[in-house]
Amino acid sequence: MAISTGLFLLLGLLGQPWAGAAADSQAVVCEGTACYTAHWGKLSAAEAQHRCNENGGNLATVKSEEEARHVQQALTQLLKTKAPLEAKMGKFWIGLQREKGNCTYHDLPMRGFSWVGGGEDTAYSNWYKASKSSCIFKRCVSLILDLSLTPHPSHLPKWHESPCGTPEAPGNSIEGFLCKFNFKGMCRPLALGGPGRVTYTTPFQATTSSLEAVPFASVANVACGDEAKSETHYFLCNEKTPGIFHWGSSGPLCVSPKFGCSFNNGGCQQDCFEGGDGSFRCGCRPGFRLLDDLVTCASRNPCSSNPCTGGGMCHSVPLSENYTCRCPSGYQLDSSQVHCVDIDECQDSPCAQDCVNTLGSFHCECWVGYQPSGPKEEACEDVDECAAANSPCAQGCINTDGSFYCSCKEGYIVSGEDSTQCEDIDECSDARGNPCDSLCFNTDGSFRCGCPPGWELAPNGVFCSRGTVFSELPARPPQKEDNDDRKESTMPPTEMPSSPSGSKDVSNRAQTTGLFVQSDIPTASVPLEIEIPSEVSDVWFELGTYLPTTSGHSKPTHEDSVSAHSDTDGQNLLLFYILGTVVAISLLLVLALGILIYHKRRAKKEEIKEKKPQNAADSYSWVPERAESQAPENQYSPTPGTDC
């Protein structure tokens, strides 16, 4: 049989090993439009990918359960080459990796990993255990299986992630890797009508005699007869018409009149018919037709072989051998026109906020604080958190787009870790000063002012003025049944000075004793429950209702409204105190100035006196005359009783 020059050149190329081609043993499985090879070798993931690239492939993908079975078949063949093996777990690299910095997404099937050969994520996964959540290092995936057991179709190899390894340390339990090679089509294996042997050499340097499908551009070496008298023929798998691949041969190979149809059905795919002279021919069953190779049968219905993949449906063209593929909703045909791929609807931005693409469909998601709306839930509307029966805020709640915030009544501030609680403001401890003239008592959301004995609370509820001192406290009037009034009249614990300006502290804190504080001058006083300490039993308190303003100071309530001249009396009293203080300070300054002038003059006189010159006479003094006249008398007077 003649062979073209191009075929000889191809054979020459195939006869030379490719640079870097794997010299290790391997197993090959071809199906559909791809071939899978399994290899022994303790390599890092990067080295394994390089070995696959050298022959035009990539580390294998496992995008479906069907593809997982093809990979398992390759591993089964590979394990037979070294049987028996010891019982241990072995790992084989596949083309699933996660780059450094890409974190794990446990809610997705792929968990943030992607295929090195490209392609979209798929819904299929078969993880051995939970993935590491660390994003610091690159991670790679291998198939893990017990090397001593024959892989079972119901137990597909699990995915195991680990560090990608280095040439010096390829990884723990790494035994090999799997490659995948894609082709535009496949040829059927050559069928022999008599004794002989067929050896296939693939474009990725695999040599085997057992392939269920032979990839495009492979060469078949056919040796007919026994080894001593063998006849060799070479055939090339090529594409006759778009989508149709064959070897370019006609009739069965290695036919022998001695065997006829009894040997391998004469090499025919379906029926074999023998002639009277020892010859035979191939035929097809009803509904099929014999192809040009005179061996293979093809259905007259082009859709009988289900050429459409990816969920596509085949539709034959009437009175023709042609067909078309149609995809389900959410899918479209790729460039081959026979495979359906998912449509990414999110590229058209159909959602108001976030869009999540799924296989054959998509769904919209809303941000926190929003909820889906619209007929297809493609829109998002704000969630009114404040409208709920259980408002998240202790007091006021203000809704905003996608969120909310809490507010508090006057006299309170927002508090809590989530800023939903309200805490009372202690106006009496304000760093800017006491809002009262004398005593200050904090209450929930407000405060009250009081005065020491002999003083009365001014109508404005802040200042204290001289008033009538009562010798005993009147009894407390009956309590009102209104809970709000009762709450206002209760005095919280506080420290109370016994005089205006806080000159003396009272250490005892206010307790509920049932006392009623009042004055004979109309004030804003209200019933108040406080404790009068035993050591200061003569202390008298005059308290008035007082509410804080936004500036931190206070203003009287409507109960404290009085005439304008009453406020003026309090102000005049304060002015009197201020003027008296100024006069006293001025007198002290005048006195200090006079003392200073006196001391300066005295010092100046002493300085002049020290500088005055002295004469010699200043060191002598005159003897009194009386002393001179008496000296002779005292010196020479005779002694009584003597003659002198």
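Even glycines carry a Cβ here, placed using N, Cα and C.
Other Cβ atoms within 10 Å of the Cβ of CYS140 (disulfide bond) number 26 in total over all chains. Look at Swiss-Prot and you will find CYS140-CYS164 (among others) tagged as disulfide bond, backed by similarity to another entry.
Following the DSSP three-state reduction, the secondary structure of CYS272 (disulfide bond) is strand. Residues or ranges marked as disulfide bond in Swiss-Prot (evidence: similarity to another entry): CYS261-CYS272 (among others).
When secondary structure is read from DSSP and collapsed to three states, CYS282 (disulfide bond) falls in the strand class. The Cβ of CYS282 (disulfide bond) has GLY251, PRO252, GLY266, GLY267, CYS268, GLN269, GLN270, ASP271, CYS272, PHE273, LEU290, LEU294, VAL295, CYS297 as same-chain neighbours under 8 Å, each 6 or more residues away in sequence. Swiss-Prot lists CYS268-CYS282 (among others) with the feature disulfide bond, giving similarity to another entry as the kind of evidence.
Summarising the annotation, Swiss-Prot assigns disulfide bond to CYS284-CYS297 (among others). All chains included, 18 other C-beta atoms sit within 10 angstroms of the C-beta of CYS297 (disulfide bond).
The disulfide bond annotation in Swiss-Prot covers CYS308-CYS325 (among others). Close to CYS308 (disulfide bond) in the fold, though at least 6 residues off in sequence, lie CYS314, CYS325, ARG326, VAL338, HIS339, CYS340, each with a CB less than 8 Å from its CB.
Positions annotated as disulfide bond by Swiss-Prot, on the basis of similarity to another entry: CYS327-CYS340 (among others). Secondary structure at CYS340 (disulfide bond), taken from DSSP and collapsed to helix, strand or coil, is strand.
Residues annotated as disulfide bond in Swiss-Prot, with similarity to another entry given as evidence: CYS346-CYS355 (among others). The Cβ of CYS355 (disulfide bond) lies under 8 Å from the Cβ of GLU345, CYS346, SER349, PHE362, HIS363, CYS364, GLU365, each of these being in the same chain and 6 or more residues away along the sequence.
Under the heading disulfide bond, Swiss-Prot lists CYS351-CYS364 (among others), citing similarity to another entry as support. Residues within less than 8 Å, Cβ to Cβ, of CYS351 (disulfide bond) and separated from it by at least 6 positions along the same chain comprise PHE362, CYS364, GLU365, GLU378.
What Swiss-Prot lists as disulfide bond is CYS366-CYS380 (among others). Taking the Cβ of CYS366 (disulfide bond) as reference, residues of its chain lying under 8 Å away and at least six apart in sequence are, in sequence order, ALA352, GLN353, ASP354, PRO372, CYS380. DSSP assigns CYS366 (disulfide bond) to coil, not to a helix or a strand.
Using a 10 Å radius centred on the Cβ of CYS408 (disulfide bond) and all shown protein chains, the other Cβ atoms total 19. Per Swiss-Prot, disulfide bond is recorded for CYS408-CYS422 (among others).
The feature disulfide bond is assigned by Swiss-Prot to CYS436-CYS449 (among others), with similarity to another entry given as support. DSSP gives CYS436 (disulfide bond) a coil state; it is part of no helix or strand.
Around the Cβ of CYS464 (disulfide bond), 24 further Cβ atoms fall within 10 Å across all displayed protein chains. Residues or ranges marked as disulfide bond by Swiss-Prot on the basis of similarity to another entry: CYS451-CYS464 (among others).
Swiss-Prot lists 31-173 with the feature domain 'C-type lectin', giving sequence analysis as the kind of evidence. The average pLDDT the prediction assigns to the domain 'C-type lectin' (31-173) is 87.
Sequence annotations record features per position, and here Swiss-Prot assigns domain 'EGF-like 2' to 299-341. Nonlocal intrachain contacts for the domain 'EGF-like 2' (299-341), taken as residues 6+ away from its ends with a CB within less than 8 angstroms of a stretch CB, comprise 32, 120, 243, 287-289, 359-361.
Among the features that Swiss-Prot reports, phosphotyrosine is placed at TYR620 (among others), with the record citing similarity to another entry.
Feature annotation from Swiss-Prot assigns phosphotyrosine to TYR636 (among others).
Assigned with DSSP, the residues of the domain 'C-type lectin' (31-173) fall into helix, strand and coil as follows: 26 helix, 37 strand, 80 coil.
Other Cβ atoms within 10 Å of the Cβ of CYS436 (disulfide bond), summed over all protein chains shown, number 26. Here the C-alpha separation of CYS261 (disulfide bond) and CYS284 (disulfide bond) works out to 15 Å. CYS451 (disulfide bond) and CYS436 (disulfide bond) are 9 Å apart (CA-CA, integer value). Secondary structure at CYS451 (disulfide bond), taken from DSSP and collapsed to helix, strand or coil, is coil.
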